[in-house]
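Below is one structure, written out as structure tokens, with a few remarks after it.
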2 protein chains.
Amino acid sequence: MPGPGEFQIIRDYFSGAPQGEGVALGIGDDCALLQPPPGLLATSVDTLVADRHFPADANPGLIASRALRVNLSDLAAMNARPLWFTLALTLPDSNPDWLRRFADGLLQTAEAFGISLVGGDTTRGPLSITVEVIGSTHKPLRRDGAGVGHGIHVSGPLGAAAAALPVVLNEREVTESERRAAEEAYYRPQPQLSMAAALGDIASAAVDISDGLLADLGHICKASGLTAEVQMEKLPVAALAQTLAGERALQLAATGGDDYQLCFTLPPEHAEAAEKLGAVCIGTLTEGQGEVRPRLKGEPWVHPSAGFQHF
Amino acid sequence: MPGPGEFQIIRDYFSGAPQGEGVALGIGDDCALLQPPPGLLATSVDTLVADRHFPADANPGLIASRALRVNLSDLAAMNARPLWFTLALTLPDSNPDWLRRFADGLLQTAEAFGISLVGGDTTRGPLSITVEVIGSTHKPLRRDGAGVGHGIHVSGPLGAAAAALPVVLNEREVTESERRAAEEAYYRPQPQLSMAAALGDIASAAVDISDGLLADLGHICKASGLTAEVQMEKLPVAALAQTLAGERALQLAATGGDDYQLCFTLPPEHAEAAEKLGAVCIGTLTEGQGEVRPRLKGEPWVHPSAGFQHF
């Protein structure tokens, strides 16, 4: 078989990763050794599969960026500070150019968010990438902490990634600048770590919007035993969604996945603080049993899709 | 698409996992929340790919058992006590019977070794399983701690899993009892956690034997900057290897992978303690630069394979 072996891949492409806080021993032994800071650890794992979550021939640096960012978003949703991550990489072959670009994208993203690659596994098989992140939190934002009367807020514009998807999948022709904007939206979502850090002490619950606002808000409602009244006209719809999807933009903002903004809830006295940080209030929690009730100008809004289903 | 969706899979099949030590919040939020005990954490990740590491139609309970055990073996090699693990499961479809048997095998194995499933991801795609384990250690056994004159020991018989492989792959017909023994050897390797705990304070280095004794011992030699003199006649050859492989048994014990015994090094004054625990001394470390020198009755032993290469 051509190409470098497992040990050489790890050594050549990934062992240049900077060793950050709490890393007693990084890549290269049976385990990494980590010194956790005081407080709780938060951990999350996500797998991206070729031709399901990204086209197999996509830019490897962008694939790596997305694989790490979607996991960092889970840390943001828990109000956890990124510390360490591992990479399990399954590859159909061992292409040095592909690996170099993947590793560059991964390590650049890691550096930007202050997280250290501490271990991994490389295996031969159909292309897929599993990243596990570990962070530190003193004030975790669980889904079950919301209360009656708390406001529902989102951290930023929605719908861009869903509008970008047909472009990323080469199902739609667009201008070169639209393509670049679509790739940016889909492959480089911005984990809302700063917003989480700023609101962690005052928010009552949070979730990241990976499967669509209404679906993910539903998790807070179910976990907290409440109903969400959503005013659809207040949704911050991404400019790219308006450009690419026109009148479907609102629907994409409500039900499209992959934006990785945060949806969080706040006691009303803190609404102003959230607004100053750029978050947008889109509704209120009332007594109930886990329902999400979207309304547009007072009328029930019927949504054609209920979030991305993995099966 | 038929079958349950992602959330239902996690809820139905895996959320019955018992919540052990330090689990502040298990499956079901954006992250698990974990309270680490004092000391260092050790973490390792391994991916098993269908038709590379196991036949796609293998017993799902056995696949799950192996996926967790190979990771527990990495904790043993580091002298770490198992605490938590996550599962990233990629499935071509969502078959309730397969999932039930997989989950049963996984959770039974987890219970037997006192490790808690705290999170995961399920994705649609070619069958593969990525498990990440986290353990706790006060006295980690790194690969780079071995010294000149230290003895080289293995924790138990070698070669069984390599001899079992053609049976597991249905490439060879055997008796029903040989088939059962082969499946046991390949799918249910015994992570050497007790041996690691007993020898942790006196061993100088350790590695688990996943890619073959001589290859894995080579990692200790390279990391410690020493040469290994191995007396091949001392290797504890598994009975199953002798039954299935005949005169190739010694070769399989030396170069076959997948046994997940430990290879560790000890200052000579502790050799007796290791022997009492059932470990076998197979050689000595001398000055050198990372070589492994196997000899059979004093003559250099030439091995046809140098350990499993993942690419």
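From the backbone N, Cα and C atoms, a Cβ is placed for every residue, glycine too.
Just so it is clear, the model here is predicted, and its values are computed rather than measured.
Sequence annotations record features per position, and here TrEMBL assigns domain 'PurM-like N-terminal' to A:28-135.
Positions annotated as Mg(2+) 3 binding site by TrEMBL: A:Asp30, A:Asp74, A:Asp208. Within 10 Å of the C-beta atom of A:Asp208 (Mg(2+) 3 binding site) sit 27 other C-beta atoms, taking all shown protein chains into account.
Around the Cβ of A:Ser44 (Mg(2+) 4 binding site), a 10 Å sphere holds 28 further Cβ atoms from the protein chains shown. Classification of A:Ser44 (Mg(2+) 4 binding site) by DSSP places it within a strand. Taken from TrEMBL, the feature Mg(2+) 4 binding site covers A:Asp30, A:Ser44, A:Asp74.
Cβ neighbours within 10 Å of A:Asp121 (Mg(2+) 1 binding site), excluding its own Cβ and spanning all shown chains: 23. Among the features that TrEMBL reports, Mg(2+) 1 binding site is placed at A:Asp46, A:Asp121.
Sequence-distant neighbours of A:Asp74 (Mg(2+) 3 binding site): residues of the same chain at least 6 apart with a C-beta under 8 Å from its C-beta are A:Ala42, A:Ser44, A:Asp46, A:Val133, A:Asp208. The Mg(2+) 2 binding site annotation in TrEMBL covers A:Asp46, A:Asp74.
Packing around A:His53 (substrate binding site) is summarised by its Cβ count: 22 other Cβ atoms lie within 10 angstroms of its Cβ, all protein chains included. A:His53 (substrate binding site) carries neither a helix nor a strand DSSP state and counts as coil. Feature annotation from TrEMBL assigns substrate binding site to A:His53, A:Asp258, A:Phe308.
As annotated by TrEMBL, ATP binding site applies to A:Gly120, A:Asp121, A:Arg143, A:Ser210.
According to TrEMBL, the domain 'PurM-like C-terminal' annotation covers A:149-291.
According to TrEMBL, the feature Mg(2+) 5 binding site maps to A:Asp211. A coil conformation is recorded for A:Asp211 (Mg(2+) 5 binding site) in the three-state DSSP classification, outside any helix or strand.
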Three-state secondary structure, which DSSP defines for A:Gly120 (ATP binding site): strand
Alpha-carbon spacing, A:His53 (substrate binding site) to A:Asp121 (Mg(2+) 1 binding site), which is rounded to whole Å: 20
For A:Arg143 (ATP binding site), nearby residues of its own chain (Cβ under 8 Å, 6 or more apart in sequence): A:Ala205, A:Ala206, A:Val207, A:His219, A:Ile220, A:Ala223, A:Ser224
Cβ-Cβ neighbours of A:Asp258 (substrate binding site) (radius 10 Å): 23
Binding-site residues (A:Asp30, A:Asp46, A:Asp211), the one with most neighbouring Cβ atoms at 10 Å: A:Asp30
Inter-residue Cα distance where the pair is A:Asp121 (Mg(2+) 1 binding site) and A:Asp211 (Mg(2+) 5 binding site), in Å: 28
